[in-house]
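J.: Okay, these came from TrEMBL:
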| type | residues | note |
| --- | --- | --- |
| BINDING | 33-41, 79, 136-139, 172 | GTP binding site |
| BINDING | 35, 40, 57 | Mg(2+) binding site |
């Protein structure tokens, strides 16, 4: 059964590349966001097609995932200058950025906005790198709506940057919304 599990996993990972539009592409994607936004959960979902709830990470946590020729790398942002330093180290080699926001945690939206602003202000470093913003946890009834999130994150006036930036609402737990976001991203990669 181990063999069939492996085959299933391979099929699943191949399906991901196809459904996300990344088949036959070679890209490095950087996942950023505050801790607890859903990066680790999304990684686990991408890797195993199952949900696992994680304890919030204490330190800036770096994770890597490779599917086919696509390399995913994630780390937490939020007040640590190490994240900024790390950030400067990685942008040169990145093809796309996924910025994940917890749309349920309204108290931290200003903090998420601050990190996103700093990210998008790195215009000369970022150039035309596409930025996919995922508003996660829409399965929670009291989560912010798409309009509210656009407003809170100041995304209405971000459209003048060099590279494309777009918001997609999603629920990693319910497996909805993020595939569309990745499809959008893959069209620029």
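Placed from the backbone N, Cα and C atoms, the Cβ positions cover glycine too.
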J.: Considering the binding-site residues 40, 41, 136, which residue's Cβ sits among the greatest number of other Cβ atoms within 10 Å?
T.: 136
J.: Can you tell which of 35, 39, 172 has the least company, meaning the fewest other C-beta atoms within 10 angstroms of its C-beta, among these binding-site residues?
T.: 35
J.: Under a criterion of Cβ-Cβ distance under 8 Å and sequence separation of at least 6, what residues of the same chain contact residue 37 (GTP binding site)?
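T.: Once residues fewer than 6 apart are set aside, residue 37 (GTP binding site) is near 100, 101, 102, 112, 136.
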J.: Return the count of C-beta atoms lying within 10 angstroms of the C-beta of residue 138 (GTP binding site), excluding that atom itself.
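T.: Looking across every protein chain shown, the total is 22.
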J.: Starting from the Cβ of residue 33 (GTP binding site), draw a 10 Å sphere and report how many other Cβ atoms land inside it.
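T.: Counting Cβ neighbours of residue 33 (GTP binding site) within 10 Å gives 25.
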J.: In which DSSP state, out of helix, strand and coil, do we find residue 33 (GTP binding site)?
T.: strand
